[in-house]
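In TrEMBL this protein carries:
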type	residues	note
DOMAIN	3-191	domain 'Flavodoxin-like fold'
BINDING	Ser10, Ser137, Ala138, Gly139, Gly140	FMN binding site
Amino acid sequence: MHNTLFVHASPHGKHALGYRLAQKILAEETARNSNVGLIERDLVAAPLSPLTHHYSSALLSHSIGDRVNAALSESEQLIRELEQSDRLLIALPMHNFSVPAALKLWIDHVVRINRTFIVSEGKQGLLHDRPTTVLVSAGGMLQGDNPQPDFLTPYLTLILNTIGIRDVHFVYLQGLVFGEAAIAKAWQQAQTTLIEAGVLTNDVSSI
């Protein structure tokens, strides 16, 4: 059994273009191999708890007890989802040139010293690498002439590298505020990119 962890963080939920494209990827993956499991984490419908001083204290604790375990339980569950997966699929919008708050909180839970990375000469990731596809939706243009600033791509790349995930590919659904024609073009271009990367094999479909 191979598992895909699907993490998504759009306030539009299942209506988000990135979510719909992710479903196309997952459907094709299942059609190719029925022995595929899915772990889904909707960071908007089921928001994570903010980190508290109990969490920070637990990270510094040298003992293991009920209080420490309770403080780290949500973080531990999210990390186990990563450990149980062979592939990672993330769909998210760009907010203010970077990741949305819901995904940032997920990052803060899973990037954990002595659990998903250690510090030796720099930071060394402890999770196994796996194919990772990141679907980024943006109102503006991220590629081509006069692209807007993009802090999301380098930041999320560094975060995933820190915990050991280096096989990361970004696909952009861009220019989504420019009307229906721009949305249709973004949808087709993203599918073409995924086909060229071997993630999708079917013909490009209309939105």
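From the backbone N, Cα and C atoms, a Cβ is placed for every residue, glycine too.
Whatever TrEMBL says is automated annotation, not expert-curated.
A quick note: this is a predicted structure, and the numbers were derived from the prediction, not measured.
Overlay of TrEMBL feature records on the structure.
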residue	record	Cβ within 10 Å
Ser10	FMN binding site	23
Ser137	FMN binding site	21
Ala138	FMN binding site	23
Gly139	FMN binding site	14
Gly140	FMN binding site	16
Legend entry - Cα-Cα distance, maximum over Ser10, Ser137, Ala138, Gly139, Gly140, record's FMN binders, Å: 16
Legend entry - Stretch-averaged pLDDT - the domain 'Flavodoxin-like fold' (3-191): 95
